[in-house]
Amino acid sequence: MNLRLPSETVRLLIPALSLTALLAAVFWLQPRAMSYIGLNLLFNLAVPIALATIAQMLIMAVNNLDLSMGAFVSFVACVAATFLHDTPLLGWLILLAAIAAYAALGVIIHLRDLPSIVVTLGMSFVWTGLAVLLLPAPGGQAPEWARWLMTAKPPLVPMAIVASILIALVGHLIVMRSSFGVLVRGVGGNERSVERAGWSVLAARAGAYGLAGAFAVAAGIALVGLTTSADANIALRYTLLSIAGVILGGGEFVGGRVSPIGAVIGALTLTLAGSFLSFLRISPDWQIGAQGAILVIVLALRLLLNRLENRERRR
Amino acid sequence: MNIREILLASAAALCVGLPVSASADTSDKTIALSNNYAGNSWRQAMLTSWNKVTGQAVADGVVAAADAFTTAENQVTEQAAQIQNMILQGYDAIVLNAASPEGLNGAVKEACDAGIVVVSFDGIVTEPCAWRIAVDFHEMGRSQIEYLAGRLPDGGNLLEIRGLAGVFVDDEISGGIHAGVEEHPQFEIVGSVHGDWAQDVAQKAVAGILPSLPKIDAVVTQGGDGYGAAQAFAATDREMPIIIMGNRHDELTWWKEQKDANGYETMSVSIAPGVSTLAFWVAQQILDGKEVPKDLTVPFLRIDQDNLEEGLANTEPGGVANIEYSQEDALEVIQAAM
C-alpha cells in the first residue's frame, strides 16, 4: 500500500466494503429492494440494533462486555409499551432510573474490581424478570410519537438510512471528537496512565455505562416504535448481535479501539446478511451457520488487513 | 416489476376484486408461509401438509408459487425481518403462524400497506388489517361436556385433567369445560389435576389423586394426557371411565385396542396441523376477490367411534391426527363466518 491512510480509515474500510458488497448482492438478487420503500424495509429493523451496538461499543471501549444488552432492551421495550404510553411522566422516570442503574453498575464494577461479564449476566436475569412482571403476556402499545418517528417518511432518503447516519454521527462526535470520548477510550487503552494524568477513571467508567444505558433505552423505544407492541423476550438476540456488530465494524474487545461509524455499519451488515440469505432461499437449518460464515469471512479479511498494516509499519 | 408496478397491480387486483365477480384468476399469484418454529411434531406435520397441498395447487396452476419459510430462531424480531423480506420479494399473500400476537403488528401493517393479503392462523396477530383463523379452545372444552351429556344423560362424576398451569390455552379449555358443566348441572367435577399435555405427567397426577376420589364416570382432558389417564385407571380395580382423547397416536392406538377388546366407546378432539392448508386456501380465496370476514374459526378435527380406524391411519406414530383441507373446506369455513 503506497497510500498512507490513517489507521482509523483503514479500520473502517473493511466493514464499509463488506456492506457495499452485500448490498450489491441483495440488489442483484432482488432489484425491488433498490427503491425508497425497499431500502426502508431492508434496514428499518437495523435501527434499534445499531443503537444497541453503539451502547455495547461504549461498554467495550472501557474493556468491559455487557451480556445483559438484549434483556435490558427488552425491558425498555416493555416500559415503553406500557408506562411510557399510559403515563409518560412515570415512564420517563423509570427509564431515567434504569440509566442511573447502568451508571451505578459501572461504579460497582470499577470499585469492587468485578468481572463485567458476571455482573451483567446476573443483571440480565433482573431485567428479564422485571420485563415479565411488566408484561406477563405480549401486549402493550407503542407511544404515538415513537410510532410516528419510526414510520416517518422523509423526502428522498428513507427513515432507516437517515436514522443510521444520525446515530453514527452522534456516536462519532461523542466517542471520537469529545474530551469525554478520549477519556473513555483512554481508560480502555491504558487505565493506569489515565489515572496518573489526574483523571477519574471511576467517573469515566460510570459515564460510559450511563451513556450506554441511554443508547440502549433509545434502542428499546425504537424497537417498540417498529413493532407497535412488546413482549418480555422481544430483543434477546440483541446481546450477541450488538457484540458481533461492534467487532464486525472494526472494534476490538480490549484496548479502547472502537469505531462508532463502524459499529453502525456492522449492525447494518448483520441485518442485511439475514435478508441476503433469505433471498438466496437458503433453508433455515443452514441460515445460522451461513450467517456465522459471513462473520468469519469478514473477520478473516480484517485479520489479513491488520497483518498487511503491521508489515508496512515494520518496513 | 418495480414497487410502483406492484402497487398499481395490487390496486388493480383490489378494484377487480371488489365487485361480485369472484372469478378473478389467481394462477399468477404467489403466496408465502411465514413460520416461526419447526421444533415439534405438530409443526413438522404442519409444514409437510403445506408442502403437499400447495405443491399440488402449484402443479394444477391454481397459484404460481407457495413457498414456506421458517425463521432460524423463534424470535419476534427475526420473524418481523422475514415478513419484510417477503414484502420485498413481492408475494401477493403471506400466510403467517406468528411468534407473538402483538409483536409483529408493525411488520404486518407494512405488508398490508404494500397491498399484500396477510392471513394468520394458529398463532394469530391482532393487527386489524390481517385475517385471523383462530382456534376456539373454549368451544373445544365445552364440546366434551356436550358429548358426555349425550352418553350419560343422568350425569355423573368428572375428573378434569388440565394442561400447563398459567398458559392461556389451558385457561380457555378449562373455562369451556366449566361452562359446559354449568349448562349440564347433572355433571360434577370432583377432582382436577395438571397433566401438562404429557402422558407421563398425566399418569402420575391421576394415580396420585385417584385414591381420594369417588367413582369416576368420565375424564375430560386437553389432549396428550388421555393415554396416561387410562394407564393410571388400568393400574387400579376401578371401572374404566369414558376418557376423552386428544388425537395423539398413543391415545388413538389404546382406544382402538379397547374398542376391539370390549367395545369401549369415546371420542377424540383436537386441532389438525393441516390447518396451514386451510389458511392457504383462505388466502387464495381472498386473492380471488372473494369477500372474507376477518375472523374465522378453525374447525376441530373430531374422531368418533365409527371413524376411529380412518383417523388412526392418518396419524403418524408419535404424532397427532391430521387432515389436509381442500378449497371446498375453506369455502365452508368462510360461509360459516358470514
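Cβ atoms here come from the backbone N, Cα and C positions, even for glycine.
Record features, source TrEMBL:
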type     : residues  : note
TRANSMEM : A:12-30   : transmembrane segment
TRANSMEM : A:36-55   : transmembrane segment
TRANSMEM : A:67-84   : transmembrane segment
TRANSMEM : A:90-109  : transmembrane segment
TRANSMEM : A:116-136 : transmembrane segment
TRANSMEM : A:156-175 : transmembrane segment
TRANSMEM : A:206-228 : transmembrane segment
TRANSMEM : A:234-254 : transmembrane segment
TRANSMEM : A:261-280 : transmembrane segment
TRANSMEM : A:286-305 : transmembrane segment
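The transmembrane segment (A:234-254) shares more Cβ pairs under 8 Å with A:261-280 than with any other stretch in the list A:36-55, A:206-228, A:261-280.
With a cut-off of 8 Å on Cβ pairs spaced 6 or more residues apart, the transmembrane segment (A:67-84) and the transmembrane segment (A:116-136) reach 3 or more such pairs and are scored as touching. Most Cβ pairs under 8 Å with the transmembrane segment (A:206-228) belong to A:36-55, among the candidate stretches A:36-55, A:116-136, A:156-175, A:261-280.
Across A:90-109, A:116-136, A:156-175, A:261-280, stretch A:156-175 shows the highest tally of CB pairs under 8 A with the transmembrane segment (A:36-55). The stretch with the most CB contacts under 8 Å to the transmembrane segment (A:116-136), chosen from A:90-109, A:156-175, A:261-280, is A:90-109.
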